[in-house]
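Please read the structure below before turning to the comments.
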Amino acid sequence: MEQVYVSYPSLDENKRHGAQQAGTQSETTQDKLIISNERPWKPWRSARSRIRGWAIRVQNAMLCLAGLEWYCYAALGVLMALMSFVMDLTVAKLLRAHHWLYSCLEGHKLLQFLCWTLYPACLCALSTSFSHSICPQSAGSGLPEMRAILSGVQLPDYLSLSNLFAKLVGLICTLSAGSSVFLGKVGPFVHLSNMVGAYLHRMYASACGTKQRRTQGDMLVVASAVGVASCFGAPISGVLFSIEVMGSHYSVRDYCPCFFAAVCGALSYRLLAVCSGEQETVNALFKTRFPTEIPYQPPEILFFALLGLLCGAVSCVYLFSHRWILRFVRANKLISRFIATEKTLYSGFVVFLLALVTFPYSAGSSMASQLTMRQLISSLLESTQWNSISHNATLLEESQQSLWQEWSPPGSSVYKTLGCFLIIKLWLLVLACTLPLPAGYFMPVFIYGAALGRFLGEGLVYLFPNGISPDTLSVINPGGYALVGAAAFAGAVTHTLSPALCALEMTGQSTHVVPILIATLISNAVSRSKHQPSFYDGISLIKKLPHLPSLIRACPKLSSVQIGRFVAPAGAVLQRGEKMAGVQNVLNNSTESQFPVVDTHESPTLLGTVTRDQLQAFLLEIQTEVLCKSLEDVCHIKPATLQLSPETTVKQVHCIMSVVREQRVFVTENGKLCGLITWKEMKSMIEELAEEI
């Protein structure tokens, strides 16, 4: 019987055969595609091509109207307006929930006490915990840090998206705590605007490549104006704010972009209020109804000036107390250690104390504690005379629904309530400034100034019930004094004039322009006396932030400090006759993108600079040449047009580097290279100077 042998291919042969078949199949498929000239099938090819064509035509038409950066400015304004509106809407709902819960517990004082104190304490504890767990840099206002960044110093993570998310959520929780905490949103919102602006600039830079015409600093200046404009619907004061507070060296070319983006933000913010049904048309944020025929008598100018003096004096007390408590918290080992390890518990405990003081059945009944921040400013700006209404039964019945009754509870006068508010809120605000959470401080001082002006206005009504001038029957308007006081006190605290314009734009009131300017100028003069730092300068000094203008305003003698002791070594230096070995050694041992070139190492007269790409091209060229050439034969040495002397002051160097946007400047003495100054050395210089104050 014959045996039949069947041979099976080995594993390697199977793999080889499979690969050959796959290769043959692939070649066949490619040949078919080439022969038939067909593309892989995709659905709706004609529709997609038409849409692509329309998109290209729209893009070309848009770029014909304006550059890409202008659309980035408009997008920044619209985005920040939407963010501000959604934030206000969320905060309003959380505040209404707190008020509803408190009113439902009517008759149970213990439960009302727990609701009043624990609700804001838990929200602020959540704000602190969330912000520090996501990004620790999100705590605080953010404005002092942004001023340092705009001056040219790089601070890590302050413009990151994680910081944006943490600050947004944390700020909503802080504002939802209500007027018990007495904190605002302007500063953090400007910081949020800068973070969105930085992200839009990165998109703009990736789209334009080397053709970009705007730097990140330009976008951040615009974003600062948009932040204020989107908060209050006040574009002009937003631009003035970006000039006064944020920019130490304001570029005129940023003027039009700032106005354009600020108008986009303010208009979008007010239109969103109209679309939501909150308002019928585009109006001011806090609409006032002051008499326009005779808004004030000429003798009242003296009282407005007196109000400016009063606001300036109280601002000095507030600024001193603010700096003192920040230094005390940092210097006290027990408190500083507790804040460093238990930030959430510290925030909850401090807010519990604040709510305890403002509880309506305790001191809160004498300071209108049940009004929200928006209701506080709206009630203080009312033109009616509270003291006259409280003594007139007819007027009292007609104004039952008015907010002024919170300022005149049963058994208490308007003067007592305003006086308690001014005394207690000042120290509560100072204590609230120590909270390690996202919070703003402009609106609290604005409201406090309005209460200060209202107190003076109601006092004048009591002294002159029929008006100051005996010839003309014109009663005194306490709301006008509140408006002037708000602008004057906020301007004195920040050392700026933008609050004066902000007060006019927020209220739509133009009758009190002259009194507002007079009071704001006088309050600024008082608060700036003896080189007292502003609110933001004080935070920069306490935190030792590298912001030179703040240091110089606090200690003018620092402006004469020379840079000789801060000069850093120049690093890798090439001489004009450098050969291949020297250039190769420099490239291997250094990561710099630009290198200084001197005459010789023995006589280091600075000739200019060469780039790393030039040196690499030099090495490639001399490898193909028979003759050995030197550096000056092949590379073009770019002259160093900007050179500094060791006797140049720190203030001058900071000004030069900020204005010309230089990242590094060489220091020479009689033409010989001594070293260089970069922003890293500049930051170290400023931090060292901050230690001397």
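Note that Cβ sites are derived from N, Cα and C of the backbone, with glycine treated the same way.
Curation does not apply to TrEMBL; its annotations are automatic.
Under the heading domain 'CBS', TrEMBL lists 644-683. Per-residue pLDDT, averaged over the domain 'CBS' (644-683), rounds to 80.
Panel annotation: around the transmembrane segment (70-92), residues 62, 168, 171-172, 175-176, 185, 189, 192-193, 196-197, 200-201, 203-204, 219, 222-223, 226-227, 229-231, 257, 260-269, 272-273, 276 of the same chain, lying at least six beyond its termini, place a Cβ under 8 Å from a Cβ of the stretch. Among the features that TrEMBL reports, transmembrane segment is placed at 70-92 (among others).
Residues or ranges marked as transmembrane segment in TrEMBL: 164-183 (among others). Listed as Cβ neighbours of the transmembrane segment (164-183) (distance under 8 Å, sequence separation of 6 or more from its ends, same chain) are residues 83, 87, 90-91, 94-95, 98, 116, 119-120, 123-124, 126-128, 130-131, 133-135, 138-139, 142, 189, 191-192, 195-196, 199, 351, 354-355, 358, 369, 371-373, 376, 425, 428-429, 432, 435, 437-441, 443-444, 447.
Residues or ranges marked as transmembrane segment by TrEMBL: 220-243 (among others).
Annotation source TrEMBL lists transmembrane segment at 301-325 (among others).
The transmembrane segment feature in TrEMBL is assigned to 345-363 (among others). Residues of the same chain lying 6 or more positions beyond the ends of the transmembrane segment (345-363) and with a Cβ under 8 Å from any Cβ of it are 109, 112-113, 116-118, 120-122, 124-125, 127-128, 177, 179-182, 338-339, 369-370, 420, 424, 428, 431-432, 434-437.
Taken from TrEMBL, the feature transmembrane segment applies to 413-433 (among others).
Residues or ranges marked as transmembrane segment in TrEMBL: 445-464 (among others). When Cβ-Cβ distances below 8 Å are used as the criterion, the transmembrane segment (445-464) is approached by residues 182, 184, 303, 306-307, 310-311, 314, 318, 373, 376-377, 380-381, 385-388, 414-415, 418-419, 421-422, 425-426, 429, 475-490, 493-494, 499, 503, 535 of the same chain, each at least six residues removed from its ends.
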